[in-house]
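> What follows is a structure written as C-alpha cells; I'll ask about it next.
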Amino acid sequence: MEPPTVPSERSLSLSLPGPREGQATLKPPPQHLWRQPRTPIRIQQRGYSDSAERAERERQPHRPIERADAMDTSDRPGLRTTRMSWPSSFHGTGTGSGGAGGGSSRRFEAENGPTPSPGRSPLDSQASPGLVLHAGAATSQRRESFLYRSDSDYDMSPKTMSRNSSVTSEAHAEDLIVTPFAQVLASLRSVRSNFSLLTNVPVPSNKRSPLGGPTPVCKATLSEETCQQLARETLEELDWCLEQLETMQTYRSVSEMASHKFKRMLNRELTHLSEMSRSGNQVSEYISTTFLDKQNEVEIPSPTMKEREKQQAPRPRPSQPPPPPVPHLQPMSQITGLKKLMHSNSLNNSNIPRFGVKTDQEELLAQELENLNKWGLNIFCVSDYAGGRSLTCIMYMIFQERDLLKKFRIPVDTMVTYMLTLEDHYHADVAYHNSLHAADVLQSTHVLLATPALDAVFTDLEILAALFAAAIHDVDHPGVSNQFLINTNSELALMYNDESVLENHHLAVGFKLLQEDNCDIFQNLSKRQRQSLRKMVIDMVLATDMSKHMTLLADLKTMVETKKVTSSGVLLLDNYSDRIQVLRNMVHCADLSNPTKPLELYRQWTDRIMAEFFQQGDRERERGMEISPMCDKHTASVEKSQVGFIDYIVHPLWETWADLVHPDAQEILDTLEDNRDWYYSAIRQSPSPPPEEESRGPGHPPLPDKFQFELTLEEEEEEEISMAQIPCTAQEALTAQGLSGVEEALDATIAWEASPAQESLEVMAQEASLEAELEAVYLTQQAQSTGSAPVAPDEFSSREEFVVAVSHSSPSALALQSPLLPAWRTLSVSEHAPGLPGLPSTAAEVEAQREHQAAKRACSACAGTFGEDTSALPAPGGGGSGGDPT
C-alpha cells in the first residue's frame, strides 16, 4: 500500500475555511476554546444480565474503584495540585473571567469556534442518579492534556491570555469543548437561543431547550446597540457552522473530524519536541510511528555477512543442476504458533485447586487476591505465588467473582484447561508481552467494568467478551513490533496484508485454541451468542493496535463532548456502535494502564518494555536494518520517553475516560500525574546517551535525518515564533561564578516552572544547548591560556577529528573537557529497588553501561597525549552513574 498523500491545509484544519467567491472575507474561525455550562450526564442503564431473573445480591452495585495499596492520599502531590491549563504559566498570566464578560470579551480561536453569545442560557448542574461529568466545581483539579491547547497558546507574547484566566467561578462552572462536531452542536444551540431572544419568539419546551438556568432575557430590556451586536455575532456564528458543515461531507464520520484535528495537534507538538535534541527527536519518532496510523515505507534489509558469502560462492556447473527447492509443508492459511499440549487428562471438576492453579503458597496467594477488585493489584506477587500461572489464576478468580461459570454453563475443568493452554502460548522469554502483561490487562479490565458509573450498563455476554478479549489480546506475541514484521517480510505480515498483523494473529490463535481437547469454554452458548461474542472480541482486540490510538481517542471524546452540549445529558448506548466504542476504549485503557499503577509497579513494567525494545534493536542491528525508535540500547532515553509517552498518549486517553465515568477515575489520574512527575524529575539526574556517531560504531548504517512532520501553512507560521528565553545561560553562569557555579545555574534553569509537555521540551533543549555552550567555553578559555587559536567543531567531519585537533592545540583543554563534562552533565537516579533479574534497570544497569562506555572513550582519547590518570574518571555505580547523586 502506498503511503497516504499529504492532506491539504483545508482537509487538515477544518476551522480554516477560505472565503467563498463573492462573499466578504469572514473573520478567522472564532479564536477561543469552547466552554459550555457543566452539564449532568449519565449513562442509561440497559440491564445487567442476559437472564430474566437476578438474585437480590447481584442487584447491589459493585464497589467503587479502590487502590490496592489503600494508602492515605491526603498528602499526595496529585491531590494538592490545582487543575492547570496546558500549558500553564508558560503562556502568560492574564486574569479575567470567561463567563462574566459576556459578548464584550469575545475572543477567537483558529481551532475551535465562536464564543457562546450572551443570549445563550447556561445549563445548571443538576443531580443525576447516573454518571455525572464535572458535577462539582470545587473538586480537586489537575493539569489538562495537549488536546486543550489552542493555536493562540503558541504565541509567546505577553499579550497571550492564559487559559487559567478563562475558568469561570463556581457559580458558572464550564466544560471545555474541543471536538469539532460537539462545537457545531453547541454553536447551533447558541444560534437558536439568540434567534429566540432577537425575535421574541417563545422557545418551545423540548429536548433542545435547556434543562434549567436563568430566566430568558426579554428583548425589550436590551438596548438597540446590544441587539445589533448580538445579531452580528449570531450571523457570524451561523456562518462558521455552515463552513464546518460544508467540509463534513468529505469525512466518513463526525468523529473522524476530531481524529484529524488531534493528529494535526500531535504532529505539531512532536515537531517542536523533535527540534530540541537528539533524544527529543527519538521520542517524537517513537510516538509518531507507534501511535499514529501511518503506512510506513517497507525497508528491505541489507544482506548479512553470511548471505553475502552465499551470493559470492561459485555457481554450480551446468552439468550439476541445483537441487529442487523444498516445498513448504505449511500452507499460508495455517495458523502458526500452536502447540500440542495435554492439560485435560489430569483435570476434572473434583480436583480443581482453590485458585485454579497448583501452588504451595496458597495463603500468600489468597492474601494478594484480596485486592482482585482494586486498582494496582501487584500482579508480580500473584505470579510468584501462583507458580508463574498468573493469567490462569486471575481469569479463574474473576469468573468465580462474577459468577460467569454458572451463567454461561462453563465446565470448570474446561475453563482451567483452556486457560492453561492459552497461558502456555504466551512466550515466557519475551520480556513484556507475556502472560504477566495479559493478566495485568485482564485484571484492569475487570476493575474498569466494575466502576459505579457503568453498573448495570453492559450485559453478561458483553462482560464475558471483554474479559476474554483482554486474556487473549497478546497471545503468541513474538516480542517485536508490527513494523518489524512488515519490514522483514514475515509470513504473518504477508498473511494479514500488513494490517494489524499481530492483533489479527492474537485473535486467530485465541479462537483456534478453543478447538483443542476440552478447551471450548463457549460450548453451551447459543449460535447467536457465539456470533455476537466473536464479533465483539474481534473489535476489542483489533483496537489494541496502538496505531489506532488517535482514532479511538477521537471517537470517545466526540461521544463524551456531544453529550456535554446536549440538554438531555443521557448517554443511551442503545446501539452496538456506541456500546462497543466504550468497550474498545476500556480494553485500550487497560492496555495502557502501566503509568497509572503505583510507581514501584510502573517502574518494573518500564524495565520490561525497554528490555523488549532493546532486544528488537539488537535483532535489527544484526540484520543491518535501521534501528527502530527507542530500540537502540546505546542511545535510548528511558525517562524522557516515559514523560513524552504520558504527556502525548496516556494522559489524553485517561483524561477522556475520566470524563466518561466521572468521578470514578480521579485517583487514577492522580497516580498518573505523580508518576509523570517522578520520571520528569529523573530526567535531569540520569546520564545522557553518548554521541550517536560514536555509539553506533563502524559498519553500521548512517543515522537518518531528523524526524520531520508535515505542517500546513498555518503551522509553519507558528514555527517562526521564537521560544521564550532561558533566564540564565550556561556561559553567563561560567563567566560570573566560574566552574563552581555551573551546577547551580543548571538547577535554576530546570527549576523554571512550566507545563508537563512544555517541561519535557525545555529540558531537552537545555541538555543540548548547555552541553554545546560548556564545550565552547572550555575550549575558548584553555586556548587563550595557551596562546593558541580556538578550534571550531564544524571545521571537521567527525567528532573524533575534532577531539584530536583539540588535543594537539590545547591538551589541557581536552583534559578538562573529556572527563568532566560526562560526569557533570547528568546524574542517575538512586536505585531504591533493584531491577528485575536478567533485565536492565532504568537507572542502574543500562545507564551505568552508557557512562562506562563514555569514560572508556574519554580515557582512550587522553592516554596517548598527556597520560591522564584514569582513576579520576567516574566509574559505573559511582557518583556519576548509577549511584546516589547525593
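Using the three backbone atoms N, Cα and C, a Cβ is placed for every residue, glycine included.
Among the features that Swiss-Prot reports, region 'Disordered' is placed at 1-128, 294-331, 682-705, 866-886. Marked as phosphoserine by Swiss-Prot: Ser13, Ser152, Ser157, Ser165, Ser209, Ser346, Ser686, Ser688. What Swiss-Prot records for 36-46 is compositional bias 'Low complexity'. Taken from Swiss-Prot, the feature compositional bias 'Basic and acidic residues' applies to 51-78. Feature annotation from Swiss-Prot assigns compositional bias 'Gly residues' to 93-104, 876-886. If you look up Swiss-Prot, you'll see 315-328 marked as compositional bias 'Pro residues'. For 357-686, the entry in Swiss-Prot reads domain 'PDEase'. Residues annotated as SUMO cross-link in Swiss-Prot: Lys358. Per Swiss-Prot, active site, proton donor is recorded for His433. The annotation 3',5'-cyclic AMP binding site is assigned in Swiss-Prot to His433, Gln642, Phe645. Feature annotation from Swiss-Prot assigns Mn(2+) binding site to Asp474.
So that I understand the layout, could you describe where these features sit and how close they are to other parts?
Cβ neighbours of Lys358 (SUMO cross-link) (same chain, under 8 Å, six or more residues apart in sequence): Gly387.
Long-range C-beta contacts of His433 (active site, proton donor), restricted to its own chain and to partners at least six residues apart, with a cutoff below 8 Å, comprise Tyr426, His427, Asp474, His477, Gly479, Glu612.
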> Sequence gap of 6 or more, Cβ distance under 8 Å: name the residues on the same chain that satisfy this around Gln642 (3',5'-cyclic AMP binding site), in order along the sequence.
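Counting only residues 6 or more apart in sequence, the Cβ neighbours of Gln642 (3',5'-cyclic AMP binding site) under 8 Å are Pro595, Thr606, Arg676, Tyr679.
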> Please state how far apart, in Å and to a whole number, the two most distant Cα atoms are among His433, Gln642, Phe645, the recorded 3',5'-cyclic AMP-binding residues.
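Output for 3',5'-cyclic AMP binders His433, Gln642, Phe645: max Cα distance 18 Å.
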> Measuring CB to CB from Phe645 (3',5'-cyclic AMP binding site), give everything in the same chain under 8 Å that is also at least six residues away in sequence.
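The answer is Ile287, Pro595.
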